[in-house]
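These come from TrEMBL:
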ACT_SITE  Tyr138  active site, proton donor
ACT_SITE  Lys209  active site, proton acceptor
BINDING   Arg191, Asn459, Asn504  (S)-malate binding site
BINDING   Glu280, Asp281, Asp304  divalent metal cation binding site
DOMAIN    115-295  domain 'Malic enzyme N-terminal'
DOMAIN    305-573  domain 'Malic enzyme NAD-binding'
Amino acid sequence: MGLGNKLRLNSRMLHRRILYSSARSFTTTEGHRPTIVHKRSLDILHDPWFNKGTAFTMTERDRLDLRGLLPPSVMDSEQQIQRFMTDLKRLEEQARDGPSDPNALAKWRILNRLHDRNETMYYKVLIANIEEYAPIVYTPTVGLVCQNYSGLFRRPRGMYFSSEDRGEMMSMVYNWPAEQVDMIVVTDGSRILGLGDLGIHGIGISVGKLDLYVAAAGINPQRVLPVMIDVGTNNEKLLKDPLYLGLQQHRLENDEYIEVIDEFMEAVFTRWPHVIVQFEDFQSKWAFKLLQRYRSRYRMFNDDVQGTAGVAIAGLLGAVRAQGRPMLDFPKMKIVVAGAGSAGIGVLNTARKTMARMLGNTETAFESAQSQFWVVDAQGLITEGRDNIDPEALPFARKTKEMERQGLKEGASLVEVVREVKPDVLLGLSAVGGLFSKEVLEAMKGSTSTRPAIFAMSNPTKNAECTAQEAFSILGDNIIFASGSPFKNVDLGNGHVGHCNQGNNMYLFPGIGLGVLLSGTPIVSDGMLQAAAECLAAYMSEEEVLKGIIYPPISRIRDITKRIAAAVIKEAIEEDLVGGYREMDARELQKLNEEELMAYVENNMWSPEYPTLVYKDD
């Protein structure tokens with residue numbers, strides 16, 4: 001063989017080795033390189049990570065022993081989506097299990113079957129139709145899914161750790177096939193949305209959240225892991241249900257509970273030291289305790305406490321802008337908060353910090369900020385006169401004498417508080433459907449604000465404190481309305497529209513997760529969460545905000561996420577917490593200008609494109 005031929009042969013062999021090593025370590029910027037697989041024939045068709053269905057080219061069909069196992073016509077991904085969408089519309093009614101199975105659940109079933117067959121196409125459909133299908137894979141439909149999970153379970157998705165696995169979790173994590181996991185969403189099922197203790201059925205919320213991490217943030221779906229920690233349930237219906245799939249025992253409490261969560265955290269961070277863990281739907285008494293226990297040691301955050309707070313803050317800042325005022329006027333807002341659970345307290349803490357920072361971050365600034373909130377829970381207005389106040393709510397308890405001067409007392413009702421305070425904002429995080437009654441909304445007519453805001457943020461839809469229709473019909477068009485679940489805009493006549501803003505956590509948590517991942521920060525700081533909220537608040541144009549539109553449409557979610565991720569990375573650099581990611585080390589990351597940083601984020605967002613598959617025998 002001549003020297004030239006040898007050089008060309010060596011070059012080809014080197015190129016193949018590079019392709020092989022690159023494919024083993026996935027990076028989104030290499031999405032068009034071939035992927036090495038170790039299976040062929042029916043095994044490929046039954047693997048949702050690699051299955052392309054009719055999109056396999058004839059060359060791939062020959063290479064992977066698929067010829068004859070598929071119809072002969074080769075379709076591209078767009079043709080596949082067209083076929084799927086046609087079938088979806090036709091099957092929506094047929095997939096219903098009678099009158100108790102609503103159309104949304106039928107759509108979930110059909111999408112879930114696609115997810116089981118072909119992950120790439122599933123995410124392609126989800127991203128292309130995110131406005132229609134986000135409410136199906138996430139709130140509000142995911143609540144219905146969780147309530148019916150034992151009946152819907154067909155194939156496992158994610159991992160289950162239980163109190164019966166104590167002492168085994170370190171070895172169990174190696175049962176998961178992925179060598180690298182970037183994002184875990186974990187729940188103990190104790191407080192799913194506003195539906196209460198759903199036990200092991202809560203795995204549905206972890207799956208739904210991670211679907212949005214993939215669709216909105218471009219996290220590689222092969223690097224996400226939904227997790228359910230089963231420590232029992234206090235739901236008597238589930239304890240008596242012979243078909244329930246979880247442990248039929250009451251929940252662990254105190255040190256026993258903490259020991260299970262500790263073991264889980266140690267296990268996942270031992271195998272995947274750079275993973276990010278998002279805690280989801282833990283009951284209030286554990287949400288704060290676990291957040292404080294782990295946040296300085298691990299890359300973790302609690303979306304109910306911190307994500308909900310960030311989205312609410314972005315909306316509150318938007319409400320200030322909608323009045324034609326600068327965001328720096330936020331500390332002047334009077335806010336009545338209905339609900340003192342993990343979400344409510346999380347919003348209060350974040351709002352107080354935001355106000356105090358705008359006022360100079362002094363002790364006086366914190367006291368001034370604290371005085372802008374009136375908190376009402378199931379027992380009424382929280383004051384210092386209450387016995388056994390929750391320690392988390394104590395900083396927001398109003399002084400008894402001060403309340404007497406306002407004509408209020410401990411335990412005053414929500415309508416009494418609204419009448420006397422005349423707030424700029426009525427913020428609902430109570431999970432009590434219809435709490436903002438006609439009487440409460442009528443009382444908001446006395447608001448001293450030029451454009452009062454009604455935030456009915458509880459999920460799912462049946463737990464919303466009021467509907468958009470109720471708010472606009474009673475208060476007229478000169479209000480700002482936001483909700484946690486989607487409502488349609490309200491036609492107010494004469495060409496006027498009452499805009500319903502969905503203040504959904506999905507605006508923030510995908511960008512926070514992506515920014516933390518790409519920055520390499522060892523922790524998720526308050527500054528990063530604040531940067532994310534302020535980025536979302538500033539996203540809308542002045543023209544949009546003055547129309548009462550304070551949150552962007554879900555259709556822009558990839559762009560929103562990209563900008564929030566960039567804001568989180570910039571804050572990590574500012575706090576000297578940046579560690580770099582893959583080939584981008586900390587020093588190089590610090591040198592990026594605004595345009596380069598946005599390009600860096602975009603290049604590391606996974607997109608659902610079919611890779612070329614190459615078989616290699618083990």
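A Cβ is built for glycine as well, from the same backbone N, Cα and C atoms used for every other residue.
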Inter-residue C-alpha distance, Asn504 ((S)-malate binding site) and Glu280 (divalent metal cation binding site) (nearest angstrom): 14
Whole-number mean of pLDDT values that fall within the domain 'Malic enzyme NAD-binding' (305-573): 94
Spatially closest candidate among Tyr138, Arg191, Lys209, Asn459, the listed recorded positions, to Asp281 (divalent metal cation binding site) (Cα to Cα): Arg191
Candidates Arg191, Lys209: member of the recorded positions with the richest Cβ shell (10 Å): Lys209
8 Å Cβ shell about Glu280, Asp281, Asp304 centroid, divalent metal cation site members excluded: Thr187, Arg191, Ile192, Ile205, Phe279, Phe282, Ala287, Asn302, Asp303
All-chain count of other Cβ atoms within 10 Å of Asp304 (divalent metal cation binding site): 25
Spatial neighbours of Arg191 ((S)-malate binding site) among the recorded positions Tyr138, Lys209, Glu280 [C-alpha, 10 Å]: Glu280
C-alpha spacing of the residue listed as 'active site, proton acceptor' relative to Glu280 (divalent metal cation binding site), in angstrom: 9
C-beta crowding around Tyr138 (active site, proton donor), within 10 angstroms: 22
